[in-house]
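Below is one structure; the comments refer to it alone.
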Amino acid sequence: MTLWAGVRTGVRGVAWYLKGLLGEDAYDKYVAHHAASCETDAAGLDRAPHPLLTEREFWRDQTDRQDKNPQGRCC
Amino acid sequence: MGVTSSTTKEPTALKRVPRDLAVALNPEELDAHDRQWTPLKIAIWSAISLLGGLSWVMLAVVRGETVNAIWFVFAAICTYLIGYRFYSKFIEKHIIRPDDRRATPAEYRADGKDFAATDRRVLFGHHFAAIAGAGPLVGPVLAAQLGYLPGTIWIIVGVVLAGAVQDYLVLHFSMRRGGRSLGQMARDELGVIGGTAALIATLVIMVIIVAILALVVTNALAESPWGVFSVGMTIPIALFMGCYLRFFRPGKITEISIIGFVLLIAAIVGGGMVNGTEWGQTYLLLDKVTIAWGIIIYGFIAAILPVWLLLAPRDYLSTFMKIGTIGMLAVAIVIIRPEINVPAVSGFATSGTGPVVAGTLFPFLFVTIACGALSGFHALIASGTTPKLIQKERQTRFIGYGGMLMESLVAIMALVAALSIDRGIYFAMNSSPALTGGTVQGAVAFVNGLGLTGVNLTPNMLTDMATNVGEESIVSRTGGAPTLAVGLSHIMQQLVGGTSMMSFWYHFAIMFEALFILTAVDAGTRVARFMLQDSLGNFFPKFKNTSWRPGAWAATAVMVAAWGAVLLMGVTDPLGGINTLFPLFGIANQLLAAIALAVCMAIVAKRGLFKYLWVVALPLGFAAVVTISASFLKIFSTTPGIGYFAQNRAFADALAAGETSFGTAPNVLAMEAVVRNTMVQGVLSIIFVVLSIIVILTAIQATVRAYRQRSNATSEDDAVQSQIYAPAGFIMTPPEKVLQAQWDALPVEKKIKVKGH
């Protein structure tokens with residue numbers, strides 16, 4: 001591995017961690033989850049329980065859920 | 001004994017290999033790896049033990065003229081490593097007994113939103129950011145008056161044997177119950193009486209904690225145009241970030257956090273400019289009462305605004321700042337290695353007459369430092385979001401126990417920062433205005449009159465420091481936050497910028513603390529409001545509907561009024577505020593810990609693990625003894641400086657005798673305020689201690705009942721077969737590496753996906 005490639009892997013790692021920490025990857029995780037549950041639905045009998053939310057809808061829904069279900073922060 | 005029953009209730013239907021690859025390592029293989037002591041492993045652990053031992057000797061035995069800060073860091077880290085490797089492993093093996101064949105709630109209840117398997121390293125950061133707030137930064141600063149050693153020992157030993165154990169147990173038990181909250185678990189395990197007492201205690205404790213955190217911010221921002229400006233600017237910055245995420249670029253959190261961070265730095269620099277202007281001095285130089293009202297109004301508005309507008313964006317900023325600043329301070333301490341010129345144990349430890357917080361070492365050290373050593377509030381986080389995000393059962397040790405060790409390290413660094421500043425300045429900053437008169441001359445006279453060896457405060461030291469950090473005055477800036485900020489700026493300026501940068505670093509630190517205190521105030525009010533609505537809903541069903549506006553607003557107003565009243569009481573207290581109220585904060589937090597540990601003890605007993613019950617009973621017993629004796633002292637002590645009712649009686653008698661000034665109260669109004677405040681504080685102490693005794697007694701009752709019945713029952717959710725694999729700790733062990741490589745090599749179509757619903 002060249003130095004440049006090493007730096008790139010490092011930067012990518014930091015970016016991945018930061019995104020995970022701040023929760024930026026939430027939509028990607030939701031889409032992956034939705035795809036997985038649709039796949040099993042195709043094989044089974046059920047239809048997809050919910051239509052896939054768009055990115056904008058998803059984030060609105062996420063903060064709205066926080067409104068209804070507040071979480072404490074520690075002291 | 002009950003231990004034998006454990007094998008019979010193992011969920012036998014679970015498979016290690018449900019499909020193509022193993023989802024759990026073989027327990028024998030894991031055990032064999034742990035027991036295999038290669039020469040390298042022996043060498044590493046010997047080195048850690050030796051370094052740790054040497055550091056403790058340097059701190060506790062050698063005690064030269066000064067002691068270097070690096071020994072605190074080494075003693076802490078080495079002890080944490082040993083505690084993590086050996087004690088948490090012991091708890092895992094005998095009490096937790098994780099089973100990676102079982103799916104976690106994040107897997108079997110996956111919805112891609114609230115329940116979502118999260119990478120363990122990311123979740124560790126998440127959990128840490130949620131548990132670490134202003135508490136570990138403030139408590140150690142106040143406890144520094146007792147000398148450096150008592151606080152250090154309590155933080156490090158306490159976390160290994162108590163704090164981290166509590167977090168680990170609660171996290172795991174909640175995860176095994178689908179992420180159930182502490183209140184629900186208390187109800188399940190302790191019955192209606194214990195459960196209800198736990199619920200009421202939690203609500204009251206929440207109010208006290210929010211009030212005292214708000215008091216810390218008020219004290220930091222009073223008489224400081226710079227602080228008011230830069231902290232005030234966080235509101236428009238957060239609103240801008242919220243709108244950006246809502247309307248322009250949804251989901252671009254990292255991007256907007258970086259923009260927000262740059263704006264935050266600009267606000268700090270801007271505050272310095274405003275500080276020098278006429279209008280800054282006219283409009284932003286606010287007294288404590290005005291600031292307190294500002295925070296109360298702010299708290300109400302922030303708690304009824306939608307989350308996306310203010311809370312969520314400030315949360316991102318707060319996480320960003322928290323991780324960054326703590327990392328920065330750690331690096332600075334290791335590079336600068338400040339010399340600490342403070343006695344190991346000061347005379348205040350035994351006399352109990354310390355000006356910062358009244359009371360002798362036992363029990364008041366253990367309630368002054370709560371967060372960082374043992375914090376009951378964590379039980380609410382560990383039974384909230386985190387258990388719903390865990391991928392595999394064995395990860396709870398790293399996240400629960402390990403996360404708390406990190407918080408403890410933060411507390412040690414805060415202690416080091418507070419100890420590194422001149423001791424005379426420390427006492428001038430942390431003695432209440434009632435003692436110093438709020439003036440430089442008064443502070444110098446008071447501090448030099450304490451008769452501390454090696455302390456020789458001059459007026460210039462105080463005025464120079466105030467000028468350096470860009471404040472009007474640093475006399476009687478109680479609450480811990482300004483002291484920590486001075487300590488941080490003192491350390492950071494040696495690394496970056498020199499004296500001219502001190503004012504920037506000082507306000508950076510104030511901003512950093514205010515940011516997450518305000519988030520905690522907002523979030524705490526929301527949680528308390530929901531708890532209140534839930535309880536009221538039992539009598540007036542309409543309140544159960546949390547989206548019913550009038551109900552939501554009324555409940556929010558009640559909660560804000562509750563903490564606002566305590567805050568105003570602290571701000572106007574003729575006796576000083578922090579020194580009378582902070583013990584209540586610590587006691588509240590530790591009583592919550594006792595409640596959480598009591599619930600854990602009942603759970604462990606019901607599972608029939610009596611042989612290892614001491615692991616929970618030890619910290620529970622300690623927390624119970626400390627908090628109940630501290631509460632009793634606060635209620636029954638005849639020394640007015642310590643007992644709330646003794647103080648009450650002294651002032652009431654003086655009033656009855658027709659005196660017009662008494663102690664630090666200059667007039668009749670102030671004397672009446674003391675009578676009122678001490679009565680409220682005393683009654684609160686009684687409520688806390690009675691509720692906690694009820695919870696602890698019901699837990700003991702549940703434990704004894706379980707012992708009599710030779711119980712091996714469980715209130716856990718049914719075991720579900722896991723389909724996914726992930727390693728347990730931060731670094732993969734060799735057997736984990738082998739399995740992970742197999743999973744990585746699996747063709748995409750064969751990768752097991754988490755099923756929904």
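Glycine too: its Cβ is placed from the backbone N, Cα and C atoms.
Feature annotations, reproduced from TrEMBL:
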type     : residues  : note
TRANSMEM : B:42-62   : transmembrane segment
TRANSMEM : B:68-87   : transmembrane segment
DOMAIN   : B:68-630  : domain 'CstA N-terminal'
TRANSMEM : B:128-147 : transmembrane segment
TRANSMEM : B:153-171 : transmembrane segment
TRANSMEM : B:192-218 : transmembrane segment
TRANSMEM : B:256-276 : transmembrane segment
TRANSMEM : B:291-312 : transmembrane segment
TRANSMEM : B:319-336 : transmembrane segment
TRANSMEM : B:398-421 : transmembrane segment
TRANSMEM : B:552-572 : transmembrane segment
TRANSMEM : B:584-605 : transmembrane segment
TRANSMEM : B:679-700 : transmembrane segment
**Request:** Residue list, the transmembrane segment (B:153-171) vs rest of chain: Cβ under 8 Å, 6 or more residues beyond ends.
**Result:** 60, 75-76, 79-80, 83, 87-88, 91, 95-96, 131, 140, 143, 182, 365-366, 369, 372-376, 378-379, 382-383, 386-387, 390, 396-397, 399-405, 407-408, 411-412, 415, 593, 596-597, 599-600, 603-604, 615-616, 618-619, 622-623
**Fill in**
Same-chain residues at least 6 beyond the ends of the transmembrane segment (B:68-87) with CB under 8 Å of its CB atoms are 45, 48-49, 51-56, 58-59, 148, 152, 155-157, 159-161, 164, 330, 333-334, 336-340, 401-402, 405, 408-409, 412-413, 415-416, 419-420
**Whether the transmembrane segment (B:398-421) meets the transmembrane segment (B:256-276): three or more C-beta pairs under 8 angstroms** = no
**Fill in**
Within the same chain, the residues 6 or more beyond the ends of the transmembrane segment (B:584-605) and with Cβ under 8 Å of it are 95, 135, 139, 162-163, 166, 169-170, 173, 182, 185-186, 189-190, 194, 198, 201-202, 204-205, 208-209, 212, 366-371, 374-377, 379-380, 612-613, 615-617, 619-620, 623-624, 626-627, 630-631, 634, 681, 684-685, 688-689, 691-692, 695-696, 698-700, 702-703, 706-707, 711, 715
**Prompt:** With pairs closer than 6 in sequence left out, are the transmembrane segment (B:192-218) and the transmembrane segment (B:291-312) joined by 3 or more CB pairs under 8 Å?
**Reply:** yes
**Closest-packing stretch to the transmembrane segment (B:679-700), where packing means Cβ pairs under 8 Å, from B:128-147, B:192-218, B:552-572** = B:192-218
**Fill in**
On average, residues of the domain 'CstA N-terminal' (B:68-630) score a pLDDT of 94
